[in-house]
Amino acid sequence: MDTHANADATFCLTANNGQQPRHDPLNWAAAAEALKGSHLDEVKRMVSEYRKPLVNLGGQTLTISQVAAIAANDQGVSVQLSEASRAGVKASSDWVMDSMNNGTDSYGVTTGFGATSHRRTKQGGALQKELIRFLNAGIFGNGTETNCTLPHTATRAAMLVRINTLLQGYSGIRFEILEAITKLLNNNITPCLPLRGTITASGDLVPLSYIAGLLTGRPNSKAVGPNGETLNAKEAFQAAGIGSDFFELQPKEGLALVNGTPVGSGLASVVLFEANILAVLSEVLSAIFAEVMQGKPEFTDHLTHKLKHHPGQIEAAAIMEHILDGSSYVKAAKKLHEIDPLQKPKQDRYALRTSPQWLGPLVEVIRFSTKSIEREINSVNDNPLIDVSRNKALHGGNFQGTPIGVSMDNTRLAVASIGKLMFAQFSELVNDFYNNGLPSNLSASRNPSLDYGFKGTEIAMASYCSELQYLANPVTSHVQSAEQHNQDVNSLGLISARKTNEAVEILKLMSPTYLIALCQAIDLRHLEENLKNTVKNTVSQVAKRTLTTGVNGELHPSRFCEKDLLKIVDREYCFAYIDDPCSATYPLMQKLRQVLVEHALANAENEKNVNTSIFQKITTFEEELKTLLPKEVEGARIAYENGQSAIPNKIKECRSYPLYKFVREELGTEMLTGEKVRSPGEECDKLFTAMCQGKIIDPLLECIGEWNGAPLPLC
């Protein structure tokens with residue numbers, strides 16, 4: 001049976017995720033179908049797939065999560081080739097040999113390359129050997145401080161994607177070569193590729209030529225073994241268990257190895273796997289931000305977002321709504337807003353209130369880019385293509401990596417915008433003019449003059465954000481005409497993927513920094529609640545003792561002051577006075593005195609009598625408060641530090657608790673103060689390392705594990 005006779009039907013199956021083909025000649029319906037369902041469900045599927053122990057390659061169903069898993073090589077994942085693909089691969093390889101023997105003139109088989117394709121030769125094998133030699137044009141910078149080697153994760157991703165492309169049987173290469181690359185992957189032998197030197201059209205020629213160089217035993221080829229040791233080609237073959245000698249490339253095989261987009265699309269796959277998770281993390285962190293900032297949850301109401309129509313926005317709002325629904329912080333904030341509606345603005349600032357509108361389009365961009373790259377890694381992207389069924393070689397341009405360049409430019413812009421929102425939220429969080437009662441810089445010490453909290457961290461965040469915004473600039477607009485004006489437009493796909501990888505790395509610095517600050521804010525809210533409760537109890541106790549009765553035991557008019565005194569404690573920001581609660585220059589004592597003075601003025605007739613004068617009681621009240629309150633506040637602090645707080649931490653009753661628990665308990669971080677040695681950078685580093693190891697994924701998804709994929713019903 002002709003292996004390519006049903007090519008059109010196969011394309012339909014591929015585009016429709018393996019489902020039965022339908023009338024969709026332009027593939028738009030399949031592209032739209034792939035975007036059905038929630039982004040969160042898709043991320044969950046990606047994580048699940050990432051953790052599977054085996055990747056079965058057949059050319060049509062490779063996913064970015066599988067590429068990321070093979071690239072990372074931290075899950076013990078192995079690659080297995082589909083035997084069903086062997087016949088198709090062999091058919092195209094045989095066709096090339098037959099066509100050459102029959103005198104057929106084919107690009108890259110009997111002709112020169114690119115702008116010099118007018119040249120002709122009958123030495124097909126020698127031509128492939130020369131192709132690999134002249135494309136080995138990269139610089140590694142060995143022996144210098146400059147590292148010009150492509151990260152091994154990107155190389156492994158490229159190897160996997162290239163195998164997948166060649167398995168489809170349109171490229172004219174032997175199956176044995178694909179098996180050899182698979183053995184290199186499964187034995188963790190990674191060829192050394194140059195970091196720079198490709199314009200991803202005609203494919204990633206220069207870096208891919210170094211994989212071909214290793215397979216053919218070029219003396220300049222190098223690989224890295226499982227333990228980081230440097231291997232030459234012979235040692236690499238032995239370590240991978242490749243029994244044969246080096247490959248003598250047949251006609252077209254060199255071109256099949258180098259003329260494609262897998263380095264750009266492979267790295268793009270790794271980048272997008274992380275970008276999707278970071279997008280979900282940004283949604284959850286925005287909800288936690290609303291909690292610790294005493295935000296008004298009205299900004300997540302479904303009607304607002306339904307009227308805007310954008311699915312990314314609707315989902316982002318629904319996820320935040322789910323986390324805030326039933327949150328103990330939201331309930332407490334509602335009571336505070338009822339006590340004094342004028343204490344804070346009617347509406348929260350944009351970084352909080354419009355976070356769904358901001359993040360929604362970014363999620364859409366990342367999701368669409370993911371699907372675009374997923375199509376690319378399942379594409380046949382070299383030239384010429386061998387159509388065995390029609391007995392011809394098709395000369396086209398599938399090596400043009402524009403889907404990669406455009407998707408990566410767009411993703412990088414989205415990543416930069418996520419970082420911008422994080423920085424805006426972080427800036428509000430550490431600023432006591434905006435953070436609704438938290439201390440400046442989130443300082444937690446007894447003496448704020450010797451604790452500057454997250455000040456250095458805010459400077460670092462500004463640095464991260466600035467670099468990230470610079471990286472948001474497009475790469476694809478900087479195309480240069482190459483190769484004697486034959487490659488006069490080119491995608492710059494790998495360059496864009498590299499820059500997007502840099503952007504993701506920076507966002508991975510910002511995210512743990514921000515989450516550490518949010519955990520600090522959570523702890524400060526807990527401390528604040530306990531300190532305020534102590535102040536309130538102490539003021540009540542002193543008021544009862546000094547203001548209730550007169551010198552002869554009779555009820556005194558000042559007994560009516562207690563309720564208003566406690567209102568002051570409720571309204572006043574605790575950290576505005578708690579380092580010296582009885583200071584006459586701090587707002588607590590000033591406003592408590594003001595209450596007593598106002599009651600005295602309202603009690604004008606009784607003020608003439610020393611026995612009923614409220615004014616005469618002020619000194620006694622203040623002196624006793626000064627004696628008692630500092631001791632009680634210190635006692636409350638000590639109890640908090642010993643884990644014996646009178647009031648438990650509200651976070652334990654919230655859906656955001658799994659992230660807090662992960663940061664504090666699993667990673668062993670703590671509330672930072674100037675009284676301790678540990679620095680903010682140490683804590684951020686712990687979380688950054690854990691994020692790079694993928695450890696944040698499970699607690700993140702646990703926060704929204706109960707979400708049913710829909711907004712709360714309108715009522």
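Glycine residues also receive a Cβ, built from the backbone N, Cα and C atoms like all the rest.
The candidate list Asn227, Asn232, Asn383 contains one residue that Swiss-Prot assigns to the (E)-cinnamate site with Asn259, Gln347, Arg353, Lys455, Glu483, Asn486, namely Asn383. Counting every protein chain shown, the number of other Cβ atoms lying within 10 Å of the Cβ of Asn486 ((E)-cinnamate binding site) is 13. Under DSSP, Lys455 ((E)-cinnamate binding site) is assigned to a helix (H, G or I) in the three-state scheme. Non-local contacts of Asn259 ((E)-cinnamate binding site) by the CB criterion (under 8 A, 6+ apart in sequence, same chain) comprise Gly108, Ser202, Gly203, Leu205, Leu208, Asp382, Asn383, Phe399.
Neighbour counts of Cβ atoms within 10 Å were compared for the recorded positions Ser202, Gln347, Asn383, and the top value is held by Ser202. In three-state terms derived from DSSP, Arg353 ((E)-cinnamate binding site) belongs to a helical segment.
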